[in-house]
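Enquirer: The structure is given below, and queries will be raised subsequently.
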Amino acid sequence: MQELEERIQSEGTVKAGNVLKVDAFLNHQCDVRLFDRMGSAWAAHFAGKHITKILTIEASGIGIACVAAQHFGNVPVVFAKKAQSINLDGDQYTTTVYSFTKQKEFPVIVAKKYLNAGDHVLLIDDFLANGKALRGLIDLCEAAGATVEGIGIAVEKGFQGGGDALRAEGYDVDSLAIVESMNPETGEITFRH
């Protein structure tokens, strides 16, 4: 998506440790108009799929997923929680994922009443690096017997291999911007097309 690539080039910052900071428009301050166009792009890509639910992970995927849901007939959005809470009651699906950004493992939890065997799920997230967070969401869907129809990603770090691995497993991954390389010393960002 050219508009997203341009925003990354003009407003993104490359940090040491393969970190791309895009908090001006994606994951701290949210550009809702951009999110709307992202949702439209995913709706076009996944037009042949029967999406009944969108699943993301807290926190940065929530805004993108909610806006995107409007392009899929306002299907429900479920977000996996990263910690047990008194608000989470009843039976749950739980798995553990490793966060590249936070450099630690954490549980991800979804109440069983919100993820079902009849669901056809679109996974959405802001970033895809090594694919661990998405693997956790896939595990939750498998535990529920739900079908993963596709994966929508705002920014994929192509050089970290997570997207390529998921595609090799047969998942339909639609990343709107794929960063091929980035240099923290020069700030240069190269995209895969």
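Just so you know, glycine gets a Cβ as well, placed from its N, Cα and C.
Remember, it's a predicted structure, so these values are computed and weren't measured experimentally.
As listed in Swiss-Prot for this protein:
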BINDING   LEU20, ASN27, LYS157  xanthine binding site
BINDING   ALA129, ASN130, GLY131, LYS132, ALA133  5-phospho-alpha-D-ribose 1-diphosphate binding site
Enquirer: Determine, using Cα-Cα distances only, which of these binding-site residues is closest to ASN130 (5-phospho-alpha-D-ribose 1-diphosphate binding site): LEU20, ASN27, LYS157.
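Expert: The smallest Cα gap between ASN130 (5-phospho-alpha-D-ribose 1-diphosphate binding site) and any of the binding-site residues is with LYS157.
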Enquirer: Rank the binding-site residues LYS132, LYS157 by how many other Cβ atoms lie within 10 Å of each Cβ and give me the one with the fewest.
Expert: LYS132
Enquirer: Within the chain of GLY131 (5-phospho-alpha-D-ribose 1-diphosphate binding site), which residues six or more apart in sequence place their C-beta under 8 angstroms from its C-beta?
Expert: GLY161, GLY162, GLY163, ALA165, LEU166
Enquirer: Cα-Cα, whole number of Å: ALA133 (5-phospho-alpha-D-ribose 1-diphosphate binding site) versus ASN27 (xanthine binding site)?
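Expert: The Cα atom of ALA133 (5-phospho-alpha-D-ribose 1-diphosphate binding site) is 16 Å away from the Cα atom of ASN27 (xanthine binding site).
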Enquirer: Nearest to ALA129 (5-phospho-alpha-D-ribose 1-diphosphate binding site) in three-dimensional space, by Cα, is which of the binding-site residues LEU20, ASN27, LYS157?
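Expert: Checked the binding-site residues LEU20, ASN27, LYS157; minimum Cα distance to ALA129 (5-phospho-alpha-D-ribose 1-diphosphate binding site) goes to LYS157.
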Enquirer: An 8 Å radius from the center of the LEU20, ASN27, LYS157 Cβ atoms defines the neighbourhood of the xanthine site; name the other residues of that chain inside it, in order.
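Expert: Result: GLY12, VAL19, LYS21, VAL22, LEU26, ASP126, PHE127, ALA129, VAL155, VAL179.
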Enquirer: What is the separation, in Å, between the Cα atoms of LYS132 (5-phospho-alpha-D-ribose 1-diphosphate binding site) and ASN27 (xanthine binding site)?
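Expert: So the alpha carbons of LYS132 (5-phospho-alpha-D-ribose 1-diphosphate binding site) and ASN27 (xanthine binding site) sit roughly 19 Å from each other.
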Enquirer: As a test of the contact definition, list every same-chain residue at least 6 positions from ASN27 (xanthine binding site) whose Cβ is closer than 8 Å to its Cβ.
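Expert: Long-range Cβ contacts: SER60, ASP126, PHE127.
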